[in-house]
Structures are given as structure tokens and as C-alpha cells.
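Before any comments, here is the structure.
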Amino acid sequence: MSLSVVILAAGKGTRMCSELPKVLHKIADKPMVQHVIDTVKSIGADSIHLIYGHGGQQLQEKISDGSLNWIKQAEQLGTGHAMQIALPHFKNDEKILMVYGDVPLLSEKTLTDLIAAQPPGGIGLLTVELDNPTGYGRIERMNGEVAGIVEQKDATVAQLSIKEVNTGILVADANDLSRWLPALSNENAAGEYYITDIIKMAHLEGRIISAVQPESATEVEGVNTRLQLANLERAYQLKKATELLLSGVMLRDPNRFDLRGTLTCGVDVEIDINVIIQGNVNLGNGVVIGANCILIDCDIAENAVIQANSIIEGSSIGARATIGPFARIRPQSVLKEEVHVGNFVEIKKSTLGNGTKCGHLSYIGDSTLGQRVNIGAGTITCNYDGVNKFHTHIGDDVFIGSDCQLIAPVTINNGATTGAGSTIMIDVPENALAIGRAKQRNINNWKRPTKK
């Protein structure tokens, strides 16, 4: 039997105090609803129906997924109403899984367990035990079997004491839903159509409702406020940090680590505090990442050391290289083995050959540097004329003196040296010394102006 998933994502999210639709607020730099979409895809959903309402245009612009079937809920009249408008899109011979776009941490395992637990002709229901169940629908049982769900607004004092609550996530057969959904009523305190009412309908028909619980209550927590969003962000990050620690990565403090993408690590990797990982990052064996670094879509080879407060984006760092502190490596840069880039150096769209050093206070952009090059402090590649970018080529074993300006396009050939303070505008031959600076002039008996 095929599986269709309905994601409820029509809520406005008033308590978020934001113009952004609630489900577009992010966990780990990814919209909550995208987390849900990715999870249901991972369990093999054959079709995904996304119920949208508030901010529908924004939602469709941000979630550009051609595999989704978008269904508009013009009026938000409850979860049952959302499923009623989705009903015409169901096939009779498929299972229907209903989830929420603002419950981002739901795991693949929990959903797989829920689907497997659904009895023939019955309902699989995800529930959770909470010490403080305020606000949730309570699970009513008869002789141990799930018999119904009563919402907080409609519950009696006795029912309010029940700790087992409904998460709102369930799976049922489409042919049964086609009978139950049209029979829903809005005669309740909220005047809404509750999907939970189908539980009682199924029970009255003698159908079995099988309840499954997640490994962690955090999985089924929804987001209505920014505080709840922040709490789930921390829960997500701590889970990822725990996975890394158990795999052998040394995190100095798992509470001060942010993974906002995918991280692959070799053995004996060390990561200090306040490191942020974005996109796809690969760290080789023995890599050390200092405090406060940001790594974005980069590859760092074995035994490289990235010192504190450095940013590396869209680049590759070779084995045994040392970067930072306070270095910035911008996209499309390739730093090969044993390269050293020191403090307050920016590298952009450049290649640095094996053993090349750029110690401090320099900008290298749109450049190719050979092996064993030394870049003196304060060196700038002047690559932009206000319209176009130009390339600088520096050969092997070149020594660039401090405070040089290299006016691109220019080539400095193997073994050449530039004198400190030079402005290099023409190509430099192999093994030549290039000096491009004004002759020093001394004015004797000079007196500085004095303040009056």
C-alpha cells in the first residue's frame, strides 16, 4: 500500500510576533517545515500534500520543491477541516500519515514505528507522556485501549489529570478517512473541526487504535513562540553534538557548538567552543578547529590546524596547513599542503601552493601562488579596477617584501624578490629583484607644526 503524507502548515503563528510564516522559522538554519519534508521523504513517502494558508506565497518561494502538492486552506477551521480539504487528493488504496510543519524534530525511526504499528483497518496514533500536559488533548482509554481524545478546552477535571497526551500525528487508511472526515462536527468550545474526533469514531466501529510513543518527548514538541524555537534549537544541537562525541569527535563543550548542515569527520578531530558548521564540511584525521571559527562548505585535510576566530567558506585546506587566528578564506580558494595563513589575512578565489606562507595583514585575491612563496606583512593584490577583476600569478620560491602592492594583471616569476614597500606594475623575471618605490628624500632641520 502506498503512503501519502499530509503536512499541516497553514497556521499564522501570531505568538512568534513575526511577518514570516511560522513554519519558515529555522532550526539549524533550515526552515522547520523543510525538516519535516526531509524526514517524511526519508521514510519513502509516495506523495506529500502541504496544507498552507497564512503567507502562502512566501512559503512557496522558500520551499521550491516540485514534488509537493500544495493545498490552500483559506480559513483555518481546525485540523479536521485541513484534512477535509485534503481528502479529494487521496487514493482509496493508500495510507495517510498526518504530521505538522511546526514539529521539526520528529525522527525517521518514530514515523517508521508509527506506520508499522497501525493495525489493519485501524489507526496508528503517536502519543507522549508529559509531567505537565497543559494545552494538549488527553488520551482516553477503556480497558487499556485508546477510546478517544478530549481537547483541553473540553476536558473535565478528571480528564485534565491524564498525563498521556495526543501529539496530533497519526496514520490511517484513506478509505476509512473518506468516511470519517465528512462526519466531523465543530460543536465544541473552539468551534473547530478536530481530526482527533476520528479516534472515537474508529473506536465505536470496533477498530483498533494503536498508540506509539517517541524515544524523546522533544521529538513531538511544536513551536508557537520564539522561546520554544530557541529551546528546540538547543535540543537539536545537543543531539547532534552527542552523536559526534559518540563517534569519536572531541567537542570541548557540546553546549557551545552549532551544526547547521552536514559534518563528516575523520579520527581524532578536535573542535573548540563556539564553532559554527554550515553547509557540507569535511574534516580529515587529526584536524584541530579553534574557538569561534565558522566553517562553510569546505574540506580540511588531515592534521590541519584552524586557529581561533577564523572563517573558511567554499574552499579546501591542505594537509598540515595552519590558518589563523583571525583569518578569512573566501570561496573558491585552494590552500595546499603545509600552507600557513596568519592573523588578519584574507584569501579570495586564489590557489596557494605547498609550503607557501602569508603571515599577517594581507589580501590575496584572484591569484595563483606557487610553492614556498613568502608573502610579507601588508601585501595587497590590487585585482579590481572598478569594473573588472584581474589575475596575479606568483611562481615558486618567490619572496614578496612587506607592504607591497601587486597591480594585476601581473606575473612574478620563479625565485624573484620584491623589495619592501614596492608597487609592482610590470612582470618580474625569474630570480630578479624588483623595487618599485619613490627614492627617499631627507629634509634636514625639519620642524613639525605646533598646536596653537
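Cβ coordinates are placed from backbone N, Cα and C, and glycine is handled just like the others.
Here is what Swiss-Prot records for this protein:
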ACT_SITE  H360  active site, proton acceptor
BINDING   8-11, K22, Q73, 78-79, 100-102, G137, E151, N166, N224, R330, K348, Y363, N374  UDP-N-acetyl-alpha-D-glucosamine binding site
BINDING   D102, N224  Mg(2+) binding site
BINDING   A377, N383, Y384, S402, A420, R437  acetyl-CoA binding site
REGION    227-247  region 'Linker'
REGION    248-452  region 'N-acetyltransferase'
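Along the region 'Linker' (227-247), the predicted structure has mean pLDDT 98. Long-range C-beta contacts of A420 (acetyl-CoA binding site), restricted to its own chain and to partners at least six residues apart, with a cutoff below 8 Å, comprise G376, G401, S402, D403, C404. Taking L8, G78, D102, E151, R330 as the binding-site residues under consideration, the smallest Cα distance to R437 (acetyl-CoA binding site) is found for R330. A simple way to gauge crowding: the CB of G101 (UDP-N-acetyl-alpha-D-glucosamine binding site) has 28 other CB atoms within 10 angstroms, across all the protein chains here. Break the region 'Linker' (227-247) down by DSSP state and the numbers are 20 helix, 0 strand, 1 coil. Largest Cα to Cα distance within the recorded acetyl-CoA binders A377, N383, Y384, S402, A420, R437: about 22 Å as a whole number. The number of other Cβ atoms within 10 Å of the Cβ belonging to R437 (acetyl-CoA binding site), over all protein chains shown, comes to 15. Counting Cβ atoms from all protein chains shown, Y384 (acetyl-CoA binding site) has 12 others lying within 10 Å of its own Cβ. Long-range Cβ contacts of A377 (acetyl-CoA binding site) within its own chain (separation 6+, distance under 8 Å): G359, H360, L361, S362, S402, D403.
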